[in-house]
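Peer 1: Okay, here's the structure, questions in a sec.
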């Protein structure tokens with residue numbers, strides 16, 4: 001059945017990269033079940049999405065998260081640098097790039113605001 | 001779910017408007033070859049206004065007060081730098097107007113949401129991946145520890161990724177004339193389509209360029 005065919009592919013990818021972190025054969029602990037459900041509802045799915053769909057999504061996300069830094073490791077510095085990931089995503093996806101930029105600039109602003117807030121506290 | 005004609009900058013079914021308006025500030029800035037530090041500085045105040053709207057629980061008033069102070073300080077520069085600063089200032093002001101419009105539109109939109117839409121919007125905004133789990137995942141790949149920025153960036157991008165897949169799956173579902181609770185077959189078709197568009201990274205097949 002198609003369902004069975006798909007799962008080993010995902011499992012195999014993860015085992016190759018994740019090593020021992022995720023545990024044995026295919027019995028990976030469900031890391032993101034609750035959050036993924038909320039997210040799917042937020043993006044337009046039903047209030048109770050199917051468990052299998054959530055599973056597929058979780059596999060996808062884990063593959064994505066492991067894939068991205070893995071590629072970044074082989075570029076530029078042999079470590080983990082922020083900017084490399086960013087440049088990657090420019091090429092691939094304008095939407096993700098915009099989101100990343102927003103995230104980073106917002107973080108800057110929050111840091112600035114918090115610092116100034118603390119200084120204001122000091123002054124008074 | 002019934003807005004198939006929306007621009008590709010949509011993030012999800014219902015809250016499509018928000019992303020449409022947020023993407024433009026991102027896009028023109030991305031096209032500028034002025035280098036990242038310049039952009040961050042120029043966008044700083046515009047993004048401040050946006051941050052104020054988004055993190056409304058956070059001291060928004062203090063933040064908008066700060067923006068005025070920052071603008072004054074930045075005008076004490078050399079002429080060349082001043083010219084550059086003027087350019088970015090104009091861009092900044094334009095962007096501020098766009099952001100203010102956007103904020104107003106968002107407020108109008110959100111105030112006219114039905115109960116279920118409000119619920120969904122809240123879920124969309126608040127759902128996030130647990131930072132600890134993501135950090136653990138990334139560290140198991142790199143073997144060394146990673147900075148917090150990376151974890152935040154990865155969480156954000158994964159959320160966008162989930163959005164893309166779910167949105168595509170909903171399109172597939174609608175196209176096949178079926179109803180919402182998404183089934184695995186929709187998801188898999190969505191993944192196949194995104195893969196052919198190149199939106200899903202996979203390092204399983206090494207690309208042979210010349211043969």
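Positions of Cβ are set from backbone N, Cα and C atoms, glycine also.
Sharing the feature lines straight out of TrEMBL:
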COMPBIAS  B:8-22  compositional bias 'Basic and acidic residues'
COMPBIAS  B:35-45  compositional bias 'Acidic residues'
COMPBIAS  B:46-74  compositional bias 'Basic and acidic residues'
DOMAIN    B:108-193  domain 'TAFII28-like protein'
REGION    B:1-76  region 'Disordered'
Peer 1: With DSSP as the reference, give the number of residues of the domain 'TAFII28-like protein' (B:108-193) in helix, strand and coil.
Peer 2: 66 helix, 0 strand, 20 coil
Peer 1: Would you mind giving the whole-number mean pLDDT across the domain 'TAFII28-like protein' (B:108-193)?
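Peer 2: Averaged over the domain 'TAFII28-like protein' (B:108-193), the predicted model reaches a pLDDT of 85.
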